[in-house]
Amino acid sequence: MTVKLALMNIKKRSMDYMVLLAGLVMSVATFYLFQTLSLNRGFLEEMVPSLSMIGFIFQLGAVLLGMITIVYLFYANSFLLAMRQKEYGMYLMLGAKKQKIRQMMSIELFALGSLSLVLGVVVGMLFGQVATGSLLSKMGLTSNSYQAFSPLALLVTVVFFALLFLLAAIFNGLKFTRMPLLSLLKETESGEKHQKKSRFTFLLTIFSLVLLAIGYASLWNLKTIGITGLVIALFTITFGTFFFFKALFPFVVNLLKNNKRFSNKQLRMFTLSQLSFKASALSRVLGMVAMLFALSLGAITVGNAFNSYKESLLQQFPYDVLVYNPKAETLKEIDQLTIEKKQMYQMKQVDNQLYFLESELKAAPLMLQDGFGFEGEIKPYTDIKAGDRYSFDTNSDLEFQIVMAFQRLSNPYADYLANSIYHVVDQATFDQIKAETELIHTYKIKNFTDSIATLEAIDQIENGGTAEAGMLGSKVSAYVMVDQFVSGFVFMGMLLGIAFLAMLASCLMFKVLSGAYQDIARYQMLHKIGVQKKALERSIAQEIFTVFLIPGIVGTIHVLFGLKMFELLIPEPYAYILIPFVSFAILYFIYYVVTVILYRKIVLPK
């Protein structure tokens with residue numbers, strides 16, 4: 001009878017349960033997908049071969065996602081209790097025993113949990129297969145290591161969620177047992193505790209701002225401070241964010257509420273009262289959401305920014321093709337390219353002494369890097385004359401860059417010659433040197449990335465058919481190696497970002513919806529005294545918009561400062577933020593719209 005009644009309750013409130021079921025399915029799917037990746041070490045190392053710790057890093061990410069899942073289920077469970085507790089109180093009034101009601105609550109929870117577990121794993125497998133395939137295809141990668149179905153990932157997911165549902169059932173039973181009948185019937189009429197204005201609030205606000213300032217300064221000056229700055233930022237920004245919301249959010253809401261010129265327009269007083277009513281509890285979840293927002297947006301942005309590696313790499317190689325004494329097969333492949341510029345140099349080598357003609361270096365100047373790293377621009381250098389001698393044994397930055405320019409003319413298919421000494425000579429001196437003349441052909445082509453196949457064929461020919469990406473010094477070899485490296489990071493960044501976004505938005509959604517049942521009476525009262533439905537809908541949209549907007553702004557600021565530390569790895573990390581920021585904002589806005597629609601269905605009179 002208890003089982004039948006529990007299933008009837010689920011069927012009766014199927015629309016409300018669908019909201020909860022959808023969130024749980026997403027939670028299970030995200031967790032399962034993450035487990036299939038974190039437990040598949042071969043796939044991770046294949047995606048990011050240069051990072052030996054990638055498996056361990058992803059397992060840490062899985063632990064973090066598990067912690068977020070626990071928090072999410074806490075809010076989802078609160079939503080379930082808030083939805084049914086008045087009904088449970090009515091059962092007690094009709095003579096039902098608490099033990100039977102606890103059994104019914106557990107049956108409902110396990111039925112919902114079992115269904116969400118099955119659907120979540122299926123969705124996780126389908127999404128994993130489709131998302132992984134499409135991402136790999138888009139990045140030009142191939143892999144046979146990823147398996148959408150993983151018995152170990154399935155076992156971990158089932159055990160993890162089974163324990164969570166069991167703990168939730170125990171928690172619900174204990175809470176229900178301790179609640180008197182009157183509390184069950186009147187729970188929706190009680191407000192959340194909130195702090196009053198005090199000197200402590202002011203001091204906590206100042207302290208939080210100081211912590212955030214220290215954290216931001218550490219990230220901004222990471223090149224100077226080093227790894228210590230990263231540790232400082234981790235703690236100061238995390239604690240600063242939570243303290244900021246705990247102190248400032250309730251204070252600002254009350255400040256706006258007391259500003260009559262602002263609060264007395266339309267239903268602003270009611271909206272601000274709603275926020276003030278929930279400010280204390282909201283401040284806790286907003287701090288967590290802001291940090292998750294920063295992690296999610298940061299992962300997507302950094303993953304996308306790694307693509308700048310490829311563009312910056314192309315700029316560091318002044319010659320698209322460079323070959324010594326090209327073979328006939330090589331020239332045949334070169335004929336298939338769209339040549340924009342062609343140059344040729346004569347060079348003679350005696351041990352580590354390399355001789356170049358002054359006339360040729362005047363006609364086709366060396367390409368010199370103006371500065372160091374990715375920030376340096378490649379420019380032609382014409383101030384060169386016969387008799388010049390250059391080597392790495394110099395304290396002059398200019399001479400060092402000239403040597404590097406000569407190095408760019410080295411044979412990419414021969415062993416690297418250390419301690420090379422470069423001489424610039426006239427034609428007469430060049431002719432007297434007893435050594436074979438090497439002909440260096442350089443080409444600048446149109447649409448480098450569209451010619452990868454032909455360029456790789458040239459590598460194969462020049463290296464005797466044994467060329468491997470990353471093992472040669474050619475531009476295309478370096479490009480392919482970096483492309484594989486970058487694509488792995490982009491894949492991981494996108495996946496992490498989507499996982500964190502799904503969880504943070506779901507946490508925020510169910511935190512808002514769990515308080516909706518307390519608001520029904522208030523909205524019904526406004527409706528009865530003549531407030532139009534459009535005004536109520538606008539008030540709801542404004543209230544929830546505030547809850548979504550504030551952590552979004554704080555999280556975005558975290559990301560903007562956090563990107564500074566990636567300047568050590570990524571050239572111009574801020575140049576590629578528009579697309580991920582806009583895409584993320586659209587997804588975040590969709591969650592906001594869904595939350596508003598669900599909230600309206602709960603609180604507004606039918």
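Using the three backbone atoms N, Cα and C, a Cβ is placed for every residue, glycine included.
Unlike curated entries, TrEMBL annotations are predicted automatically.
Taken from TrEMBL, the feature transmembrane segment applies to 17-34 (among others).
The transmembrane segment annotation in TrEMBL covers 54-83 (among others).
Annotated domain 'ABC3 transporter permease C-terminal' per TrEMBL: 62-180, in sequence order.
What TrEMBL lists as transmembrane segment is 104-128 (among others).
Counting residues 6+ beyond its ends, the transmembrane segment (148-171) has Cβ neighbours under 8 Å at 28, 31-32, 35-36, 39-40, 66, 69-70, 73, 77, 105-106, 109-110, 113, 117, 120-121, 124-126, 128-129, 132 in the same chain. Annotated transmembrane segment per TrEMBL: 148-171 (among others), in sequence order.
The annotation transmembrane segment is assigned in TrEMBL to 200-219 (among others). Distant neighbours of the transmembrane segment (200-219): 225, 229-230, 232-237, 239-241, 243-244, 246-248, 250-251, 561-562, 564-565; these residues of the same chain sit at least 6 beyond its ends, with a Cβ under 8 Å from one of its Cβ atoms.
The transmembrane segment annotation in TrEMBL covers 225-256 (among others).
Summarising the annotation, TrEMBL assigns transmembrane segment to 285-306 (among others).
For 485-510 (among others), the entry in TrEMBL reads transmembrane segment.
Among the features that TrEMBL reports, transmembrane segment is placed at 544-563 (among others).
Residues or ranges marked as transmembrane segment in TrEMBL: 575-599 (among others).
Counted as Cβ pairs under 8 Å, contacts with the transmembrane segment (575-599) are highest for 285-306 among 104-128, 285-306, 544-563. Beyond the transmembrane segment (544-563), the same-chain residues lying 6 or more positions past its ends with a Cβ under 8 Å from any Cβ of the stretch are 215-216, 219-220, 233, 237, 241, 244-245, 249, 275, 282, 286-287, 289-294, 297-298, 301-302, 305, 508, 512, 573-574, 577, 581, 588, 591-592, 595-596, 599. Only residues 6 or more beyond the boundaries of the transmembrane segment (285-306), in the same chain, are considered here, and those with a CB under 8 A from a CB of the stretch are 68, 71, 75, 238, 241-242, 244-246, 249, 486, 489-494, 496-501, 503-504, 507-508, 511, 547, 550-552, 554-556, 558-559, 562-563, 566, 570, 573, 575-577, 579-581, 583-584, 588. For the domain 'ABC3 transporter permease C-terminal' (62-180), the mean pLDDT of the prediction comes to 75.
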